[in-house]
Every structure is written in C-alpha cells, then in structure tokens.
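Per TrEMBL, these features apply:
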| type | residues | note |
| --- | --- | --- |
| TRANSMEM | 77-98 | transmembrane segment |
| TRANSMEM | 104-120 | transmembrane segment |
| TRANSMEM | 170-199 | transmembrane segment |
| TRANSMEM | 251-269 | transmembrane segment |
| TRANSMEM | 281-301 | transmembrane segment |
| TRANSMEM | 338-357 | transmembrane segment |
| TRANSMEM | 369-386 | transmembrane segment |
| TRANSMEM | 406-426 | transmembrane segment |
| TRANSMEM | 464-491 | transmembrane segment |
| DOMAIN | 519-714 | domain 'STAS' |
Amino acid sequence: MIEPFGNQYVVARRVYSANDFGEEHKKKERRHKTPLDHLKQCCSCSTKKAKRIALSLFPIASWLPAYQIKEWLLSDIVSGISTGLVAVLQGLAFALLVNVPPSYGLYAAFFPVIIYFFLGTSRHISVGPFPVLSMMVGAVVVRVTSKPVQGGNNTSISNDLDSSSDEQKVMVAAMVTILSGIIQLLLGVLQIGFVVIYLSESLISGFTTAAAIHVLVSQLKFILQLTVPAHTDPFSIFKVLESVFTQIQKTNIADLVTALIILVVVSAVKEVNQRFKAKLPVPIPIELIMTVIAAGVSYGFDFKTRFNVAVVGKMNSGFQPPIQPDPKIFQDTIGDSFGIAIVGFAVAFSVARVYSLKYDYPINGNQELIALGLGNIFGGSFRGFASSTALSRSGVQESTGGKTQIAGILSAVIVLIVIVAIGFLLEPLQKSVLAALALGNLKGMLMQFAEIGRLWRKDKYDCLIWIMTFIFAIVLGLGLGLAASVAFQLLTIVFRTQFPKCSTLANVGRSNIYKNRKDYSDMYEPEGIKIFRCPSPIYFANIGFFRQKLFDAVGFSPLRILRKRKKALKKIRKMQKKGLIQVTPKGCICTVDNFKDSDEELDNHEIEELDQPINTTDLPFQIDWNADLPLNIVVPKISLHSLILDFSAVSFLDVSSMRGLKKIFQEFIRIEVDVYIVGTDDDFIEKLTRCEFFDDEVKDSIFFLTIHDAVLHILMKKDYITSKVSTSQEKEAKTDFIVNTNGGLRNRECQVPLETKF
C-alpha cells in the first residue's frame with residue numbers, strides 16, 4: 001500500500017526475500033524463442049513479409065511515391081547542381097590521395113551515387129570519395145605496387161614505384177574497392193551491421209583527425225612539386241616529412257604560390273559561408289570559381305611550359321569497360337579491405353544518423369551496408385575507388401535545400417556531364433590546386449582537436465581513447481592504427497570492468513536509501529552489518545579484485561579467521577581430552593597450569609582440513625569466538641554478523657566467477673557471518689540454480705529484493721535471537737550456576753560461561 005503525503009510517500013508492505021516474493025506473486029509462464037524458432041520465422045513467407053522485404057531492399061519505393069514535387073523539386077535541383085560541382089572537384093582532388101590519375105576520381109563520384117539513389121535509406125548524405133578512405137586505399141596501392149605481385153591475369157607489378165604504370169595503380173585501387181564492397185554487402189546481407197558499434201565516437205574522431213594529418217602530409221609533395229618516395233610501413237609519415245624537408249630547396253615556387261592563394265581564398269570564403277549561411281540563399285561555390293580561374297590562368301599563361309608545373313593532364317572521355325578481377329590482389333589486400341569497409345560504413349552511417357535525427361526519419365544500418373557495398377562493387381568494377389560520404393559535401397547537399405536523394409541523382413548528372421563532355425577543360429589545371437582544395441576540406445576534421453579538452457572534462461577514458469587512436473593512426477599508419485585503436489578501446493572496457501569502483505554503503509537519513517558512506521555526513525550504518533556494492537559484471541578477470549575489495553571493506557580475511565578458529569578448536573579439544581576442561585553442574589572449569597602446546601607445521605591435508613566448516617557438536621560446551629578464551633589461545637574478534645552484497649549492477653557471472661563467489665560465501669558462513677544478495681533479477685538466480693550454486697551451506701534464501709528488505713530482515717532476526725537469549729538468562733539467574741561474563745566457553749546445557757582457574 002502506498003500513501004502519498006505531498007512530496008513524500010509512505011509504503012506499507014512486508015519484508016520480501018526473493019523466495020517470499022515468488023510465493024506471493026506468481027510469475028507468468030513465458031516461452032522463450034529458441035534459435036530454431038528464430039530460423040523458422042526467418043524462413044517463413046507471407047505477402048506482408050515479402051512486401052516489407054521489398055521495401056527494405058528498395059527504400060526508394062517508400063519515399064518516391066510520396067515525393068512533393070511543388071515543395072521539394074526546386075530545392076533538390078539547386079542542391080543537386082551545387083553538390084555535383086563540389087563532387088567533381090573533390091573527386092579530382094581525392095584521386096591524388098589514391099595515387100591514381102585525377103580523372104578516375106570522377107568514376108568514384110558517379111557510380112556509388114546511382115546505386116545509393118535506389119538502395120540507400122538516408123535522404124541527405126552525398127555518397128562519393130572521402131579523404132580518409134582515399135588515403136587508406138592509396139596506402140594499399142603504394143604497398144602493393146612497390147613489390148612484385150603476380151596476378152591471376154599474368155600481369156606483373158614492378159618493384160620501382162616511379163615506373164609503375166597508372167593502369168597497375170588503378171587496378172589495385174579498383175580491386176581493393178571491389179573487395180571492400182563485397183565485405184560490406186556480406187555484412188549487410190548477414191544482418192551484422194552492429195559491428196560498427198565497436199567504433200565509438202571518440203575513436204572515429206581521433207582516427208579521422210589523424211587521417212587528416214596524413215592527408216595534409218601526403219599533399220605536400222603536390223603543393224611543393226617534389227619527388228617523394230612512397231612509404232606504407234609504420235612511421236611512414238615521419239619518413240615522408242624527412243624526405244620533404246631534405247628536398248625543400250627544390251620547391252616549385254609557382255605551384256607553392258598558387259596552392260597558398262587557393263587555400264587562403266577558399267578557407268576565407270568558406271568561413272563567410274558558415275557565418276552567413278542563414279542569409280545566403282546558397283553557399284558561394286568558391287571551389288568551383290577558383291578552379292575555373294586557376295585552370296584558365298594556367299592555360300592562358302602556359303604554366304606547364306613556363307614554370308614546369310604539374311597539371312592534371314589528359315582526361316579520359318566517357319567510360320571504360322569493367323575491369324577483370326585479380327584474385328591475387330584480393331588475397332594480398334583482404335585485411336586492408338576489411339578496415340576500409342568498416343571505416344567507410346562507420347563514417348557514412350554516423351553522418352546519416354545525424355540527419356535522420358534532425359529530420360525525423362528512420363535509417364537502416366544493414367541496408368546502408370548493402371547500398372554502400374553494391375556502390376563500391378560497381379564503382380570498383382568501372383575503375384573507381386572506395387566511397388563513403390564526405391562531411392563537407394553532405395553539408396552542401398543539406399544546406400542548399402536538398403530534401404531527398406533526387407538531389408543526389410542530379411549531382412551524379414553533373415559529374416556525368418564532366419566525364420563525357422567537358423572534362424578536357426580541366427586538363428591544364430595544376431595538381432597543386434587540387435591539393436589545396438583537398439586541404440581546404442580538412443578544416444572540420446582538424447578542428448576535432450578541440451574534442452580533447454571536452455572529453456577530458458566529461459570522461460577521462462574517452463579522452464584517452466581519442467588520444468591513443470590519434471597516436472596509433474599517426475605512428476602505425478591508418479590500417480594498423482585502426483586495428484590497434486579498436487583493440488585499445490576494448491581493452492579500456494575490460495579495464496573498467498576488471499577494476500570496478502566498489503563501495504561500502506550506509507543508510508542516509510534513517511530512510512530506505514543507501515549511498516556510499518564516504519559521500520554524505522548524515523549516515524547510519526547498522527551495527528554488525530556491512531553493505532558492499534559492486535558496479536560491474538563479475539567474471540574470471542575481476543573475481544580476484546572483487547574478493548580483495550570485499551575483504552578490505554569488512555576489514556579481515558574470513559579464511560584467516562576460520563583457520564585461526566580451527567587451530568584454537570584443536571587446542572581446546574586437546575585440553576578437554578587431558579581433563580583440563582571439566583563440565584560441572586555449575587559450569588565449565590578450565591585448569592591450564594601444566595598445559596603446554598607448541599605450533600606444529602601442518603601438512604597439506606591438515607591445511608585443507610582447516611578450511612572446512614567448524615563442528616563443535618562433539619564438545620559438551622559451546623564456544624563464543626568473540627569472548628576471551630583460555631590463557632594462551634588468541635583468536636581475532638570480529639563484530640560483523642551480516643554481509644549484504646548489492647548486485648543490482650552485476651549483469652552477469654561466468655562459471656569461473658561462480659566458483660570464486662561460492663568460495664567467498666562459504667568462508668564467511670563458516671565464521672558465522674550471514675551473507676545476503678540484493679538487487680538481482682530472476683534470470684541471475686535461475687542461472688545460479690542451473691549451475692548448482694546452492695547447497696547446504698549456501699542456500700537460495702539469501703536473496704532479497706532491496707537493501708532495506710535485507711537490513712530489516714537482519715534486524716528482526718537479531719531481535720528474535722536477543723529476546724530468546726534474554727529469556728534463557730532469566731532462567732539461569734534462578735540457579736546457582738557460575739556466571740563469568742568474559743568467558744568464551746559455555747556449558748552446552750546451561751549456557752553458562754566457562755570459569756578459568758589459574
């Protein structure tokens with residue numbers, strides 16, 4: 001019964017143990033589905049299910065019929081044109097990161113968009129080249145083309161990177177893209193898109209920031225027009241920097257000046273776009289403007305001949321036939337492809353989730369994997385490279401009014417026009433301009449350094465993950481760095497559960513609320529009761545830590561106390577056998593004048609015997625271990641009689657921890673300390689029952705619903721025992737028995753303490 005009184009309430013109910021509650025409130029019989037049931041449901045077929053599957057595989061069928069032409073079409077056209085122009089320039093720029101001719105970046109900006117239009121679930125992201133993925137693919141291209149590889153089509157890749165043909169580099173980039181697409185497709189079909197949850201926001205932020213540094217360093221050779229050997233092994237970024245600075249005197253001043261001008265102007269105008277985005281109808285297309293100006297100036301003043309600058313060169317017109325797969329490259333790059341697949345999906349899904357929350361529509365992670373995977377398979381087949389979504393390009397599509405993927409398909413039309421018709425106009429464009437445009441898109445990622453301070457204030461572990469991910473990706477490279485970062489992140493989770501912040505609780509304000517006794521001043525801790533809380537799962541890695549923290553909280557080791565008592569009991573038995581302890585009608589008398597006992601070394605069998613329960617039923621008296629014992633017998637005294645374990649935050653136990661936990665319980669029970677567990681759910685208790693956790697010592701009656709239930713039960717139990725002892729003492733007062741209040745041994749029949757004679 002609950003009675004409210006203003007902002008207070010009074011609850012009147014009985015004290016519940018788990019068993020009492022189960023008897024009074026019967027649980028419903030529920031049948032849990034087995035793996036076979038799930039398989040049957042998965043394989044079943046119906047019209048409704050077929051329609052649902054069709055709509056999930058082709059999301060366009062759900063949103064296109066509801067398309068609002070009058071309200072949305074104009075916005076999508078403006079957004080599609082703006083996004084398409086940005087996609088063209090980013091495709092050309094990011095191709096430099098892949099170490100392939102710039103024209104191949106247009107294929108990467110075209111095919112994935114077409115596939116995503118039909119299969120994607122996000123209405124706002126712009127699919128295509130992403131600098132981090134391009135950098136990762138480029139690292140694989142450099143590694144594979146710098147060693148001899150025999151492909152399934154009998155092609156040979158040269159040892160000398162400088163003499164490697166562009167076709168060979170394109171081949172490797174395409175194979176990596178196809179393989180990463182296959183991996184994404186399989187993950188989506190198998191419905192295991194949840195794998196992305198192992199990449200936390202802190203990890204993604206630190207990784208993309210490190211990737212931005214890699215992009216920055218890799219573009220220095222185009223900005224300065226230096227011949228820099230490619231490196232893919234750990235510490236490669238430092239080797240590239242060393243090579244750049246040792247050749248700094250060979251810098252092409254024309255390329256450097258052009259790149260700096262482009263970078264400054266683009267950065268300044270982008271800042272204007274950001275600051276006045278509410279007032280501007282569309283962002284100023286500064287990248288397009290500067291590209292047109294740079295290409296015109298380079299062509300008009302013949303920069304290639306006069307200043308020996310590196311230009312884009314011949315742009316392939318139209319499309320090339322699909323590429324023939326090379327199984328050997330698949331075999332050599334499967335590990336890199338898996339990392340590319342995961343990072344590409346993680347970035348795209350993160351951006352898609354932001355827009356889905358903003359505009360309130362659902363997205364499907366598994367369907368996103370299928371869309372991105374097929375996009376990469378088609379893109380790679382036609383000589384493109386891995387795609388995801390660039391944050392800046394998606395921002396343009398959304399900020400210019402894009403409502404649906406109609407804007408995406410229109411952006412693909414712009415890219416198509418460049419591929420088949422006007423690509424030749426970009427041939428005189430300097431590569432340093434593309435490098436500057438690539439660097440201009442890094443501001444958002446480089447600004448993520450501010451995350452360090454924010455994470456440090458909020459969560460030290462997340463901050464450490466960010467920093468270590470950044471260091472791993474910088475030092476080890478993007479592929480190994482990602483693997484090391486995921487491993488480190490999982491290690492922090494293990495560390496947090498392996499060393500949980502256990503605490504001792506006490507009552508706050510004499511209510512039913514129990515908090516850490518170190519945090520509040522008005523605390524009440526019932527005498528002889530210790531309440532211990534563990535805030536994490538208990539498993540094989542932390543059971544030892546749990547044991548030590550528990551013993552620190554109670555102030556003693558129960559096993560040590562038990563062994564001391566067993567040794568003391570052994571001496572008492574010797575004294576009793578020698579007649580030094582005599583039971584009389586008036587009590588127990590002990591004479592110890594001539595008793596000598598020496599500590600003998602114990603063998604393994606005797607040590608094991610010390611750990612067994614204490615049995616004094618063969619003695620004619622009882623032993624009070626917290627009272628004074630005969631002359632030379634000293635046993636540590638403990639005031640604890642009840643231990644309550646708050647397991648409300650313990651989500652699971654494994655078999656190893658069950659054994660350790662049961663041993664701990666037995667040690668306390670054997671020294672007459674009752675153990676209670678509170679806050680567990682029924683599944684927890686059922687698992688212990690299945691694993692035969694309970695026996696004659698550790699009973700299933702130790703579970704209570706709340707801490708307060710357990711405390712009240714203990715207090716009522718002690719009140720009952722106290723009243724029983726008081727009644728016994730009243731009877732004893734009428735006899736002539738000897739009473740010694742300091743005695744540790746009592747006549748079993750008359751409950752009178754032992755008197756010791758010296």
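The first residue you see is number 1, and the count goes up from there.
The backbone N, Cα and C atoms fix where each Cβ goes, glycine too.
Note on the transmembrane segment (170-199): residues 98-101, 104, 108, 137-138, 140-141, 144-145, 151, 155, 157, 323, 325-326, 329-330, 333-334, 336-338, 340-346, 349, 365-370, 372-381, 383-387, 486, 489-490 of its chain, located 6 or more positions outside it, place their CB under 8 angstroms from a CB of the stretch. The stretch from 281-301, 369-386, 406-426, 464-491 with the most CB pairs below 8 A to the transmembrane segment (77-98) is 406-426. Among the stretches 104-120, 281-301, 406-426, 464-491, the one making the largest number of Cβ pairs under 8 Å with the transmembrane segment (369-386) is 104-120. Just going by CB pairs under 8 A, the stretch in 104-120, 406-426, 464-491 that sits most against the transmembrane segment (338-357) is 464-491. Distant neighbours of the transmembrane segment (406-426): 67, 72-73, 75-77, 79-81, 83-85, 87-88, 91-92, 102-103, 106-107, 109-110, 113-114, 116-117, 126-127, 291, 295, 312, 315-319, 397, 400; these residues of the same chain sit at least 6 beyond its ends, with a Cβ under 8 Å from one of its Cβ atoms.
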